[in-house]
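Right, one structure below, let's go through it.
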Ligand SMILES: Nc1ncnc2c1ncn2[C@@H]1O[C@H](COP(=O)(O)OP(=O)(O)OP(=O)(O)O)[C@@H](O)[C@H]1O
Ligand SMILES: [Mg+2]
């Protein structure tokens, strides 16, 4: 009986012709794409959950300032970790991670390797143990750093440096300081879903030593004001993180009182499993993206299911007679249901096979778009669970209903003809409305997102990022400036502390006349050369530029936001105490952008201290960029023969600020496009079906003298009404959803009426195109043929 | 034996109410061959559908081989129908997606007859209807007469007690019609009860008696002599 019904199902599928192709193909695309999407969602949601005790591990975030000055940082100062591990009951372990900028060039067996700073890190000796879940390939998890001169590598780096993953005991020379390090342990490459993504890990004890060794005035573990340590605590089971946060705040306050400044408001513990998707301030752009993608997956699946239900029940009209006959010769409803389900299962099974093929095809594309190294692998049982789960849901949603409906046909009515189908026509209408509501919603979202992305790209940055590359020259910036002066391919050379998007330092060490006592006013600080403002295309809205003379040591230029938020009126010439030195505001610069559109421009203080300007900005004429780079590189070889020349383009770095947004935006637009196409396919099939069903009516009407346009109108009218209804339903919902999405951006577009109108017009256009094709075909048919076809 | 008492059937649509059957009293004995005749719209098909348990009467009683069925649900009727009634329609009602063989096999599948026995009985029915050579054809590839012979094969394959035929020769030429009537006659000779709706007095001549309907009522009955 089973093989029999399978055979029948197959034959029915074949009998369906192009309609079956549409059904199977559409489902395959929907399955493939939504599985990819859900896989992405799954990937995002499992971030940092691989730490076995993730539910007890928290990152210590800090909150600074109040009201408009409020800021949240994902870091803490070094000593709080020391205090936490010693004096706070309920804490089982504390570990810190800190950025490493002291060196990045290594000598191994005579070969030089220059690594990216973002791959380097200092970590406490116990970090593998406290965080847990990292796989130690070689060496010991308990003691990855046997000495201060130990280093931990990932397999990838060990392979790169030594040609073998087992590098324990081998040595690395740090070129910048001639220190020799011994590999203490090798970790398996970190999974994509780890927020901690470092490849070369040095012990925190080294940082401590370098800190003291630099002749600074405090030891690292006494420096309560330097919030640059990502600090993780593991709590004993059942301990309340809020209480621990309060305890840490009290400890910090006590320590800081003896220390002067009191900028910290409090500490808050954030579960490690949420740090990927939630910001310390509680906003969640990451989670929002996850929701958006889940929603599209859901939309896609529903659109696919709707297509399936629509096409299947529409076709059932033709099958009604068959079902009637079967009942007359003795089929029971149950048997018919299982037969029909078998057909759905076969259709879905075929779609699944196709979908798997499609997924394989799309994987490189998916990796590229999501920037994930591991696509989904068919060897992963989770992938199968996802695939089969999606299939099952689809079967339940799309297979069961038509089977129930069709199997319940009254045999007498179905033998007679159409009577049995009345109810389904209504349902199909509802489904078409739903589908077009979804499609219109997606079109609106696509328009809004596309426009927001463009707005961000084209946003006035307040300076000129074009044709500019930057490199770090440390103390030799003046030599570079001098020697490159005659180079024809170079227009301007300016210097500053850092490359703008790299994050300037910030300080609350500010004071001015009229400042509310006790107010914490955090500002970004950047030292620039006197020609930086004019040559980099920044604009002064008030006052004047730095003079380029020693007088600049007490001259400050503030950005508009700093003036506005500090509340200083008539700023030019006013006193502004900065780092304990009384300075004078000589100018106000138009706000310039150095962060993503999600962040507001922070108050910023520009100063001009030539020996703080280690980064060189080279603006080329735009024509001879390679010549300019070559010229700089020649000089570099002269001054730093041991090190490779590294530079980056400013505009690319700016693009990086928006990379995540662009990526999700592109993903969204792509998937929405797929959903819209699938929608059209469904409508196309349905329109063809309706036209086919009405062939006889059309023939009769033509014989009676109806014109082709009037027939096309007749056939399209019903669909267009449904589409219009769908637009009406979708517009307000999409408007609302996209407004709340835009809320996440400080710099955002307003949703315009034309976007809704355009989306509506597009939906109608698409519907018209698909439907009228069928209608015209039916209307042009020879009436004699249409009459004979019944 | 089947017997109806005061059978009524009303069709109520939004605008009109049609009395299709208006007090039918009828009795058909085992092994009888009964023809039903009457003008178009007098209720012949309606009566046959009720007799065949495809539909319920609005009122009246219907005793089907000792069971009162007038108030049964579709589910119960389907159970009773299975294997005990064979249907033959004017428009054949074969399933286009199935071959001749599979069409005929269908009732046995639903009766869960074991495969060996199924094969024997299907082939027997096909041979008997003289369409064995077409067993792997699809209905569309057959002539009207062949299609109707397939339909009859399908009606008899489960060896039902009762065969109901609604204008079985209506779509056939006289030669093919004659053949179908002979087959029905043979089946009847072997003991199957047959009730047949027809417009053709010639076909009615094959029956033992003819029931004439007019406006949902039995008007006369002729018994063949
Ligand atoms: N499903 C239905 N709904 C409404 N009225 C119906 C329905 N089926 C039959 N009728 C009406 O019942 C009456 C009897 O119909 P029936 O089909 O039994 O006639 P018939 O004697 O078989 O006619 P013909 O010889 O043309 O086939 C007719 O008036 C018909 O219009
Ligand atoms: Mg009739």
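In case you wondered, yes, glycine gets a Cβ from its N, Cα and C as well.
Nobody curates TrEMBL annotations by hand; they come from automatic prediction.
Looking up the ranges A:194-220, A:221-247, A:248-274, A:383-409 in TrEMBL, the one annotated as transmembrane segment turns out to be A:383-409. Listed stretches A:20-249, A:295-411, A:437-634 were compared with the domain 'ABC3 transporter permease C-terminal' (A:669-783); the greatest number of C-beta pairs under 8 angstroms is found for A:437-634. Tertiary proximity for the transmembrane segment (A:430-450) is limited to same-chain residues at least six positions away from its ends with a CB under 8 Å from its CB atoms, namely 296, 299, 302-303, 306-307, 309-310, 665, 668-669, 672-673, 675-676, 679, 682-683, 686, 719, 722-723, 725-727, 729-731, 733-735, 737-738, 741-742, 749, 751, 755-756, 758-760, 762-763, 766-767. Confidence annotation: the domain 'ABC3 transporter permease C-terminal' (A:295-411) carries a mean pLDDT of 81 in the model.
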